[in-house]
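These notes concern the structure reproduced below.
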Amino acid sequence: MTFSNRVSVAIIGGGIGGLSLAIGLLQNKNLDVAIYETAPKFAEIGAGVALGPNAQHALALISPAAEHAFRIHATTSLSPEFEHVWFDFRNGNAGEKDGEVLSKVENETGQQTVHRAKFLDELVKLIPREIAHFGKRLIHIQKDPVSGGAQYKLFFEDGTTASADCVIGADGIHSSVRKHLLGESHPAATPVFTGTVVYRGLIPMDVARDAIGEFADNSYMWCGDGGMVMTYPIDHGETLNVVGTRNDKGRWDGPPYTRPVDEETVRNDFMGWGEIPSKVIQLLKQPTMWAILDHYPAPYYYSGNVAIMGDAAHATTPFQGAGAGQAIEDALVLSTLFQRVTHSGLVRPALAAYNNVRLRRTQKVVATSRDALRLFCFNDRYVDGDAQRWREVWNGRMDWLWGMDLEKQNRDAVNLFADIVEKQSSARETMPKFGPVPFPVATSTV
């Protein structure tokens, strides 16, 4: 079999994960990178996105310029004593425990958030215009049997086609590439409603301060029976971002999965809560309601020369602030491996190594994020809002996520890639098929 010395990579989706991957791949001059985005331009939905210390480090390893893109728009808590505080968790129920401190969870970087659109705009500046193709909704992937040609043909809704040696789906929770990879009928091919909705809204900081004082300046989470109210500053302290959550919703009639909601509905869902969360909810104007979805765990993230990453691979609920960070970690591992892809015959070993290194960790994020919400909503059946047990559970709970040795993860991936290539070379007479490795699904131990 003849392999091409130039390798074409099609990235489906131009969100934070897809652009981070493109920035990394472009450092290998042997790769021809193209991004196919459904929208008419690069765009992100939602206000703030948080990146933990692991995600910020991953950005820096991909490209210092990518990390700078986050840094110039990042907002932290405003009080110096909150420099390393992720969230100050408080009891949000009314009554004698109203406002009780449950714990302050700290990490290296504290709570750092950025407006999604502004962050994306900065990443776009690092991408050559000619590699971006808009209005390209993928409808089908077909393997091209022609020897010596590109291995896959992509069919788009507008009637156009494209070809690539490698296809990487960064096309989000409703991923077309995931459906191609797993099969339309696979139970993990499409997202599921988690029974949770969030209400999102923004409050001008001066209005918020008038109502709740210094609580507006920093990151707080008010936890209570069946829900929580999360607040933190964005836009360099000009705005208070508010996320109110209820995890007691049995069904969602959708799509759409995001819709306007009247203010009275939100207030009713938090009626009888404690002083501060009640005041915050009263201030919300024109809130939106979001259905929270995730995926059943995929048994693998690649097949042949097709792979998925980010939300397309492991969409998670947002309750550990880790979804975007895991997409960036995916991009780091993939771009590290593809620095070693010098011909098209090395694509599959690179994707196999990526799959084996990333599957367990990312699926643990999905499982523990669901567990985190149960803790926040006082219905985990162990802590249930008890302050002492809360501190026991949260002591070191996030260390595995934030403290990941990313350089070691890269080395593990590269070493596995080398092992696969060596085995491939030692069996030239019959090209082995590097099939997906079905790791067991990680479960939480909270």
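Cβ atoms are placed via backbone N, Cα and C, with glycine included.
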**OP:** From the ranges 7-27, 196-216, grab the one Swiss-Prot calls transmembrane segment.
**Re:** 7-27
Original post:
In the same chain, who gets a Cβ under 8 Å from the transmembrane segment (7-27) while lying at least 6 residues past its ends?
Top reply: 33-39, 42, 44, 49, 59, 62-63, 65-66, 116, 119-120, 123-124, 126-128, 131-132, 138, 150, 152, 154, 162-172, 175-177, 309-312, 324, 327-328, 330-332, 334-336, 338-339, 341, 343-344, 346-347
**OP:** Express the distance between the Cα positions of ARG116 (FAD binding site) and ASN107 (N-linked glycosylation site) as a whole number of Å.
**Re:** 22
Original post:
How many other Cβ atoms sit within 10 Å of the Cβ of ASN107 (N-linked glycosylation site)?
Top reply: 18
